[in-house]
Amino acid sequence: MGFLFDSQKGVGLWGGCLRSLLRRKQVDSAHVKANAHHQLAKELSVPHLIAIGVGSTIGAGVYILVGTVAREHSGPALSISFLIAGIAAALSAFCYAELASRCPSAGSAYHYSYICVGEGVAWLIGWALILEYTIGGSAVARGISPNLAFFFGGQDSLPIFLARQYIPGLDIVVDPVAAILVFIVTGLLCVGIKESTLVQGMVTTVNVCAMLFVIIAGSYLGFKTGWAGYGLPTGFFAFGVDGMLAGSATVFFAYIGFDSVASTAEEVKNPQRDLPLGIGLALSICCTLYILVSVVIVGLVPYHAMNPDTPISSAFAEHGMQWAAYIITAGAVMALCSTLMGSILPQPRILMAMARDGLLPSFFSDVNKNTQVPVKSTLATGIGAAMLAFFMDVDQLAGMVSVGTLLAFTMVAISVLILRYVPPDMVPFPSSLQDTIDFVSLQYGVNSQNINVETSDVNGGTSSNLPLLGKKNTVVDYPKIVKQEAQGNYVRNEENRRKIAGSTIAFTCIGAFLLTYAATDLNIPRPVRFTLCGVGGALLLFGLIVLTLIEQDDARHSFGHSGGFICPFVPLLPIFCILINIYLLINLGAATWARVSVWLLIGVFVYAFYGRTHSSLLDAVYVPAAHADKIYRSSGDSLA
């Protein structure tokens with residue numbers, strides 16, 4: 001009846017499957033309140049978010065990365081590589097900042113994809129993020145024991161109950177330290193978000209102090225010795241601009257972690273103000289520290305003479321400061337502990353968000369009444385990560401971590417384009433409100449057919465009394481009819497604009513994929529490669545021009561929670577972000593994609609046999625967004 005349609009009824013099997021993949025949920029609002037049993041504590045402010053962002057981003061990798069990238073790619077231009085990578089990461093941060101302030105609920109990229117793209121894509125993003133955080137946390141945990149062993153005099157000097165042990169029958173090396181630390185972090189996260197963030201802030205402070213020591217002490221040594229690393233005959237760009245850009249692609253992954261801030265959106269006191277500030281300040285601090293550390297270390301030791309395993313400690317040792325290794329190793333241990341907390345923190349919230357939407361069992365959506373933390377999801381995450389960290393050497397799986405992050409970054413950028421040009425114009429309602437929807441639908445149906453029969457003067461026009469189709473005493477108000485025709489033309493033009501914008505966004509993404517794939521895969525025959533590059537570049541340029549020329553949707557101003565951060569330079573910034581992330585995804589390698597494909601295939605079966613049939617939108621009735629408030633007022637109830 002009227003303007004409503006059901007999400008599943010009236011379509012065949014394949015049509016129903018396709019409809020389920022495309023169904024989108026609503027942004028949480030004053031009308032749509034989370035169940036009180038599922039409410040998280042709103043305890044976080046800007047300092048907490050900075051602690052989470054910096055702690056999750058600056059891992060021990062930077063203590064090794066500077067040596068590897070300088071030796072193989074960037075040379076003395078390492079600081080420029082970090083700067084370019086930081087700018088590239090900032091593009092994704094801008095997109096995250098807008099969506100996090102507009103849609104401040106748990107789930108991060110999964111939540112945004114569900115609102116803007118659809119259930120199918122959102123499920124794959126959430127499923128990929130589960131893999132990312134589980135393997136990421138396990139890999140970080142297994143990296144702690146070698147650094148911790150330094151304080152005991154080496155790996156063989158650790159106490160027997162902490163040392164790694166080889167089990168011949170199973171051909172595995174177990175790591176008790178990794179499992180113990182995962183359980184400690186899990187217990188801390190169960191206590192409360194404010195308490196765990198406070199501890200993470202303290203640990204991150206120790207790490208930052210170690211990096212400041214490297215910067216200050218290293219600068220003193222550099223000025224004292226004349227910055228030997230910058231006086232080489234190879235010049236500043238030892239490997240050329242191409243090498244410097246290749247180094248940027250490598251160090252880009254050192255910036256992954258700020259998205260953990262977005263996962264805590266539901267627990268932020270003032271998300272419209274604090275989330276963009278937290279994301280921006282955390283990324284700025286990380287970028288500044290990375291650049292300063294790289295400037296100092298590359299200047300102390302020639303890039304070709306750097307120790308690839310311990311570049312910073314070795315640089316100080318060459319200048320007679322062997323004791324500095326203890327400070328640097330302490331910073332590395334603290335960095336790993338902080339990153340471990342940042343890896344385990346987001347996953348329970350993603351599990352909780354997916355369970356709220358019915359895509360996972362409700363077990364994961366339970367929130368403890370006392371701590372207001374998803375304890376069950378946190379324990380499940382901790383147990384899974386601890387088992388992996390204890391039994392498996394996850395170094396070979398570490399590349400899979402990047403897939404989830406880059407997929408999330410890509411979908412967040414696409415979601416910004418959708419939000420600006422074709423925001424969802426249909427709102428899902430539970431089928432229990434069918435009577436209210438029918439009533440409102442009937443009202444709108446009657447009002448749309450009601451013609452004013454009174455005389456009026458609109459824009460200087462007058463009414464004329466003329467017989468209509470042989471019916472006497474019928475009053476026709478010509479200005480009113482003209483106005484209705486103008487409104488009809490506007491609706492048709494708006495529909496055409498949305499169709500053009502939606503198709504252009506799709507073609508832009510296809511163009512970005514073709515261009516980056518053809519430019520990366522050197523095994524493609526040259527004619528085919530050039531053709532694909534040309535087609536991809538043309539589609540990308542066409543999309544940028546069309547999206548720049550057509551108007552953005554007026555509904556973007558009222559979509560979600562208004563008054564927050566607005567991403568600048570749309571559509572250029574999101575398109576550039578999509579291009580960078582797709583390029584990095586393609587360059588992860590076939591072996592990584594083969595492993596990830598197995599996990600994603602498992603996710604497809606889980607969704608097909610559970611998520612699709614248990615979704616909270618299974619029996620939803622979709623209504624035009626313009627009529628949603630009327631239905632809310634008529635129902636008089638707050639919707640879960």
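Heads up, the Cβ atoms here are built off N, Cα and C, so glycines get one too.
Sequence annotations record features per position, and here TrEMBL assigns transmembrane segment to 49-70 (among others).
If you look up TrEMBL, you'll see 76-97 (among others) marked as transmembrane segment.
What TrEMBL lists as transmembrane segment is 172-193 (among others). For the transmembrane segment (172-193), same-chain residues at least 6 beyond its ends with a Cβ under 8 Å from one of its own Cβ atoms are 40-41, 43-44, 137-138, 141-142, 144-145, 148, 158, 161-166, 199, 264, 267, 337, 340-341, 344-345, 348, 368, 371-373, 375, 378-379, 381-383, 385-387, 389-393.
Under the heading transmembrane segment, TrEMBL lists 205-223 (among others).
The annotation transmembrane segment is assigned in TrEMBL to 235-258 (among others). Taking Cβ pairs closer than 8 Å, the transmembrane segment (235-258) reaches residues 53, 56-59, 61-62, 65, 68-70, 72-78, 80-82, 84-86, 88-89, 93, 96, 279, 282-283, 286-287, 290, 303, 339, 342, 402, 405, 583-584, 587 in its own chain, all 6 or more past its ends.
What TrEMBL records for 279-303 (among others) is transmembrane segment.
Per TrEMBL, the feature transmembrane segment maps to 323-345 (among others).
Counting only same-chain residues 6+ beyond the ends of the transmembrane segment (373-391), those with a CB under 8 A from a CB of the stretch are 40-41, 133-135, 137-138, 141-142, 172, 174-176, 178-179, 182-183, 185-187, 189-193, 343-344, 347-349, 351-352, 355, 363-367. Annotation comment: TrEMBL describes 373-391 (among others) as transmembrane segment.
The annotation transmembrane segment is assigned in TrEMBL to 397-419 (among others).
TrEMBL lists 500-517 (among others) with the feature transmembrane segment. Counting residues 6+ beyond its ends, the transmembrane segment (500-517) has Cβ neighbours under 8 Å at 414, 417-418, 421-422, 532-533, 535-544, 546-547, 550, 553, 575, 578-579, 582-583, 586 in the same chain.
For the transmembrane segment (562-586), the residues of the chain that approach it from at least six positions outside its boundaries are 88, 91-92, 94-95, 97-98, 101-102, 249, 252, 271-273, 275-276, 402-403, 406-407, 409-410, 413-414, 416-417, 420-421, 508-509, 512-513, 515-517, 519-521, 540, 543-544, 547-548, 552, judged by C-beta separation under 8 angstroms. Positions annotated as transmembrane segment by TrEMBL: 562-586 (among others).
Secondary structure of the domain 'Cationic amino acid transporter C-terminal' (565-615) per DSSP, as helix, strand and coil residue counts: 40 helix, 0 strand, 11 coil. Taken from TrEMBL, the feature domain 'Cationic amino acid transporter C-terminal' covers 565-615.
The feature transmembrane segment is assigned by TrEMBL to 592-610 (among others). Under 8 Å from some Cβ of the transmembrane segment (592-610) lie the Cβ atoms of residues 120, 123-124, 127-128, 131, 359-360, 397, 399-400, 402-403, all in the same chain and six or more residues away from its ends.
Here the transmembrane segment (397-419) has Cβ contacts under 8 Å with residues 91-92, 95-96, 98-99, 102, 108-110, 112-113, 115-117, 121, 124-125, 128-133, 135-136, 139, 253, 256, 259, 502, 505, 508-509, 547, 556, 559, 567, 570-571, 574-575, 577-578, 581-582, 584-585, 588-589, 591-593, 595-596, 599 of the same chain, all six or more residues outside its ends. Contact between the transmembrane segment (205-223) and the transmembrane segment (76-97) is absent: fewer than three CB pairs lie under 8 Å, with pairs separated by 6 or more positions in sequence.
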